[in-house]
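Peer 1: One structure, as structure tokens, below. Some questions next.
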There are 2 protein chains.
Amino acid sequence: MRRIKLIVAYDGTHYAGYQVQPNGNTIQAEIESVLARMHRHPVKIIASGRTDARVHALGQVIHFDTTLEMPAERFVKALNAMLPDDILVKQAEEMDDTFHARYGAKRKEYRYHIRQTEDPFRRHYAATVTYKLSLEAMRQAMERLIGTHDFTSFSVTKAEVEDRVRTIYEAEVLEMGDEIIFRFVGSGFLYNQVRIMVGTVIEVGRGKYQPADITQMLEAKDRRVAGITAPPHGLYLWNVNYEKVD
Amino acid sequence: MRRIKLIVAYDGTHYAGYQVQPNGNTIQAEIESVLARMHRHPVKIIASGRTDARVHALGQVIHFDTTLEMPAERFVKALNAMLPDDILVKQAEEMDDTFHARYGAKRKEYRYHIRQTEDPFRRHYAATVTYKLSLEAMRQAMERLIGTHDFTSFSVTKAEVEDRVRTIYEAEVLEMGDEIIFRFVGSGFLYNQVRIMVGTVIEVGRGKYQPADITQMLEAKDRRVAGITAPPHGLYLWNVNYEKVD
């Protein structure tokens, strides 16, 4: 069996999320169904992590083991020919069998797009925030998220993970055209963490909280002290890195 | 009765086109239904022209007559609050009753987006053309479309219009990011004319025709000599101008 790594982009608008579940179509189900047709037997895929309904990916990474003899690169065309056009395999590569899309991930980048005016063409791809926002206050808030922290205040209460300490290496606010982008690079993120951080930073931007409040929120380790959860459709899993961070 | 002019943007992906028809939802039906709710009686709207299923608009212009007393600008918020989020009223203005969205249009701009690589996020918004294309040949072909010509070769045969002479003021090829845009400004366009011009110019770009062939195609006045019709989803009605051209 050879292990294949895929880099996959998808428009999450019409999916119930990444992971297979009883009701609703998922990215995982679409890819596994095409792989099963190619292999004539079920093939299980492992992703770097789940994405929620309506969340997008530019660089989701998955792996699977194949019995097929064809060169790894050939999977790109073969899969794209059968996948729906809102899922695109961008790259396929043969890895040794120690590669693991989930446990090997060293760093993930997420981006979140917001815009200040309605645009029918961006309705599935950026959240609209019509409040007047201070970029400077949001930049200061983002800086306070950088570092190794217990992110309990920025994760869903029901999450059963014990260890909620994560490291954020980069957190910045970018402007592109008429959109504002929140960019995070971290060791990994808790369930809903990026959306809660973005929702809270936006509330700093409109003056409900001060940038310094972020530090107190981190220390409180209580979901109720942080801000709202930003909606899913502005969020993109941008890329996943498997090399050790220096 | 006061006459109101609206500038409307829409994502045409999920519509059977602009004009009301027996089967399928349309832009016109959505707007008329909201206006009827506001007015408590049917309101007929007139657009600058139809757009086909899956064709988009950034600046479609429509007009209607209202019995309501509210200031024209208020229609923007009132309509957007009730319209689906793939239709956006960008501007509303009171006009005198000689204004007519269709007969008063002096100039229209259409744009057509293509891209050379697949992108799941652009699948409804740009046509993918994977052939290698010569920008220079396409620019020369576009130049030959400029001017006053009989565009019979570039319109659908079934179209019952008698006079197929139209004037193209501008026709250029733009590059934006990883997309190529064909931009046309003209006195008006025949049914499917922009899509047939684009399909033909792309065939020049891939070397099937020479730029000079465009002139012979115009002279032939025969749809069969021009190229294919480009698909609808790359096409945008960009704006409509009502001022006299100098």
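Just so it is clear, glycine is given a Cβ too, placed from its N, Cα and C backbone atoms.
Summarising the annotation, Swiss-Prot assigns active site, nucleophile to A:D52 and lists sequence analysis as the type of evidence. Look at Swiss-Prot and you will find A:Y110 tagged as substrate binding site.
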Peer 1: Just counting, how many other CB atoms are there within 10 A of the CB of A:D52 (active site, nucleophile)?
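Peer 2: If we count other Cβ atoms within 10 Å of A:D52 (active site, nucleophile), we arrive at 17.
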Peer 1: Which whole-number value in Å describes the distance between the Cα atoms of A:D52 (active site, nucleophile) and the residue listed as 'substrate binding site'?
Peer 2: 13
Peer 1: Is it possible to get the count of other C-beta atoms within 10 angstroms of the C-beta of A:Y110 (substrate binding site)?
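Peer 2: Its Cβ shell of radius 10 Å holds 23 other Cβ atoms.
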Peer 1: In the three-state scheme derived from DSSP, which category covers A:D52 (active site, nucleophile)?
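Peer 2: Assignment for A:D52 (active site, nucleophile) reads coil.
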Peer 1: Going by DSSP, is the residue listed as 'substrate binding site' sitting in a helix, a strand, or coil?
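Peer 2: In the DSSP reduction, the residue listed as 'substrate binding site' maps to strand.
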